[in-house]
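If you check TrEMBL, you get these features:
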DOMAIN    A:18-538  domain 'Cytochrome oxidase subunit I profile'
TRANSMEM  A:127-150  transmembrane segment
TRANSMEM  A:170-196  transmembrane segment
TRANSMEM  A:208-234  transmembrane segment
TRANSMEM  A:294-313  transmembrane segment
TRANSMEM  A:360-389  transmembrane segment
TRANSMEM  A:401-421  transmembrane segment
TRANSMEM  A:433-455  transmembrane segment
DOMAIN    A:580-837  domain 'Heme-copper oxidase subunit III family profile'
TRANSMEM  A:591-608  transmembrane segment
TRANSMEM  A:662-686  transmembrane segment
TRANSMEM  A:740-761  transmembrane segment
TRANSMEM  A:773-796  transmembrane segment
TRANSMEM  A:817-839  transmembrane segment
Amino acid sequence: MSDTKDATLTPGIRRLHEGMARVWANPAGLGALTVVNHTSVGLRFMVTGAVFFLIGGLLAMLIRTQLAFPDNDFMSHETYNQVFSMHGTVMMFLFAIPILEGVAIYMIPKMIGARDLVCPRLSAFGYFCYLFGGIILTSSLVLEMAPSSGWFMYTPLSSGDYSPGRGSDFWLLGITFVEISALSAGVELVVSILRTRTEGMALHKMPLFAWYILAMALMIVVGFPPLILGSILLELERAAGMPFFDVAGGGDPVLWAHLFWLFGHPEVYIIFLPGAGIVSTLLPVFARRPIVGYGWVVAAIVIMGFISFGLWVHHMFTLGIPQLALAFFSAASMLVAIPTGIQIFVWLSTLWLGRPVMSLPMLWIVGFLVIFVLGGLTGVMLALVPFNWQVHDTHFVVAHMHYVLVGGMLFPLMAGLYYWLPLVSGRMPSERLGKWSFWLIFLGFNVTFLIMHWTGLLGMRRRVFTYDSAMGWDIYNLISSVGGFMMSAGVALLILDIALHFRFGRKAPQNPWNADTLEWAMPKPPTPYNFVSLPRLETRHPLWDDPELPRTITEGQHGLNTIDHGRRETWGSDALTGKLREVVHLPTNSWWPFFAALSLAVVCICLLVRLYPLAGVATLVAAVFLLRWSWENGAHPKAAPDATVAPGQPPLHSRTMNGPGVWTMSVAHLANGSFYLSLLFGWFYLWTVAPEWQMPETSPLSLPLLAGAGLALTLGSAWLAKMVRRLRRHNDSGLGGGMYLAAGLGALQSALLGLAIWQAGLAPSETAHDATLLVALAYVLIHALLGALLCLLQGLRVGYGFVGAEAPLEPVVVLRLWYYNLVVYWSLFVAVWVMPTLLGGAS
Amino acid sequence: MKRLLRMAHPIHLVVGPTIWGLWFVAIYAGLSVACSVAPPTPEQGMLTGINIAVGLATLATTVLLLGLSWAGVTAARRAGLHRECYFAFTSAGVYLFSAGATLFIGYPVVFLPPCI
């Protein structure tokens, strides 16, 4: 059903719908590459993720075919190494995270009563980074040069000496590229949830799914940068010989393990939380009562988000860490069972106190409960150090991991798929085919992985490509392989079901499951603008409390129901109370995200084939595209040149000083800060732990140059802060000149810092000390250049009239970057100059 | 800024786990550095400066978190708005969990030597 075809609408309302459809239109053909709308981008993420799931599944079947019989020569060991490495990599990085991001990107605005995410072009950019990164990574399989060191790429196995081919480079560059996508989604989901909820939707009234996604997005923002740093360092080691992980050069391979698992363990919860969010959304609908203990669930989400960062060493119990430290991580690993347990008891209580109905989505939820609880129990077993030592790197761990991830993510995802399918297609799913598919997958999964616990306990190591019949593992492996193929048959049936659904599914009613959340107030399939008018909501169950909402929304009876201005708009609201603060005007379809991602893909490929000059050129091109993209903002003719709003409405966000852009910059700096702290961790870790670390007697860096650069940065920040204070008083006299002065100070900082690096005469390919120092200094230099460049652009924008007393937001955003640079610069100065000078060449 | 200090502000949902996180990083990093720079002899058993320092940090953090949990309960009882009551109570629960987590994780200093 489309809004505009509704015969009951008055001509005026029909014109409103038509106007909305025109302003929010998605172009077809080649123009589809410019689409930025969250519904389209979310669907693209999900469909692409599903394709990668099939590729990962195919690789899994190759593994099970190889292991089905002893002494099998179906694959060589080289091929097997590539296949299992790519299976893990594809499933974790190209399927699990992106498809859940896709669900979040698609659902969140619909559930919180917004028309789009807060940075639609960033969504599109993220998607193309994901697509190109995924293609680059999987192309390594076709080229028979896929990574073969396992999905966590432990050094030194993945280093140049032991993996001299291009496989590790494909992984390091491809994954880093894909992670740009994850970070983009993470940042904008956080800001969208906090700042674009519909009027009245206070923080404690928003749907639980939004809480789960908020936690997931924040965890992505904080958790992914350590791996990005690790990947950059390892690629620098492989390509330029910088010995970060080479003991002889003063590095330490265990640093990689720390950086990887600092990301890798939270990643498990990043995957689980959206799954649990789907369960907490669906289960009350089918129990036909509100969830028991909303506050308990919120507390459990927060606790889980934090505790999951304190478990990373439990993947490293066999690395020779002191027993007391092992005990800390063992205890933390057991503790995470408490917030998980809270959620499970909340779900059981909701079922117990409700009037549950068993339908297809609910079947998948029950499957989830069974499998995930079993996976959680073996997780607590693995938290015990002595047991962990016994089963480390065996098939027991493989079985546990699949119980947690497939149980915690795939089953809820399937429940969500069947639940929200009517929203996407306007048709109901087939119960019969869906049930067949469920039982084949559920039984196939348990036949495969329950047995695998035994195989592991009998001593079968993970990643062995074959085994001798005398080991006694034959029958267990054969059963696991049969189960694997049974599961594949279930997946095939599921694909058939979905394909038939869009052609033969019966029409869905307005609210087919009698759900309580706002997305079911929308037309089906959804229009690009979601809601023609945005309702005021002060309840957690809008559709249960007001079943007339779909009609009143469609009739334009609520807020933001004008389109004459031609802008894409949604509400900007207070993060805590949901009171209206701004009208957020959203950017429209654009080629810039596509071109920026494409040029970054060229950078990635050039680095892969070691064409460094071309990589440099492509980086410059990407920077030009990104900056050109940023130009269309604020009062720019393609953004919002006319600031007029309807009477009674708050101002446009670009005409305020605390719009979502400020929040976006702050959340982006959380990610940036996580990257920087990981770098500092690396510096101190190698300094204190690496056996061959060489700290020079005196710092190679010139104090006058470093102090001069710091002074320029401090003066520039103070100057910029002064201009922002004047803008708050609506005084923009001398703003353009002031911006050029700040840009000059940023340029001076960059020049002095560049000179300090050049004068230091570092030998980064000889010692880990010099290599780490160079990376840290390059990091602050890039930030200094960026700060200067953005001020220069601001000066130009003031000249064009895009920024000023009437459009004061952008200088506030740029000031955040300068403050960040200030903190980073001086803390790094203490870490790399003051402390080594005071402590001397201690190690 | 003053607003953030009120126990009914949702920022307190994350303050407890953040304190826990800082304590956790401090004891792990401190233990690692101390064992690298000046490891005590194995004969000393648990009676080492490292264990005592970690133990004291654990107790201090636990007491702080328990105090904040109690402050949350008090604020919830006095809250005028449902929203304030909700966030104060939920934060109190998270503080209480963080206190328990601190004590549970730090407890092994009583029976394990630090650097073996």
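Numbering starts at 1 and runs along the chain as displayed.
Heads up, the Cβ atoms here are built off N, Cα and C, so glycines get one too.
If you look at the transmembrane segment (A:208-234) against the transmembrane segment (A:662-686), you find at least three C-beta pairs under 8 angstroms, all six or more positions apart, and that counts as contact. Mean pLDDT, taken over the domain 'Heme-copper oxidase subunit III family profile' (A:580-837), works out to 95 on the 0 to 100 scale. Listed as Cβ neighbours of the transmembrane segment (A:170-196) (distance under 8 Å, sequence separation of 6 or more from its ends, same chain) are residues 85, 89, 93-94, 97-98, 101, 104-105, 108-109, 112, 114, 117-119, 122-123, 125-127, 129-130, 132-134, 136-137, 139-140, 145-147, 149, 153, 158, 206, 210, 213-214, 216-218, 220-221, 224-225, 227-228, 231-232, 234-235, 238, 570-573, 575, 584, 600-601, 604, 607-608, 660, 663-664, 667-668, 671. With a threshold of 8 Å between CB atoms, the same-chain residues lying at least 6 positions outside the transmembrane segment (A:360-389) that come near it are 275, 279, 282-283, 286, 314, 317-318, 323, 326-327, 330, 333-334, 337, 340, 344, 347, 396-397, 399-400, 402-408, 411-412, 414-416, 418-419, 429, 431, 434-435, 438, 442, 445-446, 450, 453, 513. Sequence-distant contacts of the transmembrane segment (A:401-421) (same chain, at least 6 residues past either end, Cβ-Cβ under 8 Å): 91, 96, 99-100, 103, 107, 268, 271-272, 274-276, 278-279, 281-282, 285, 360-365, 367-368, 370-372, 374-376, 378-379, 427-429, 434, 438, 441, 445, 448-449, 452, 494, 498, 501, 505, 513, 519.
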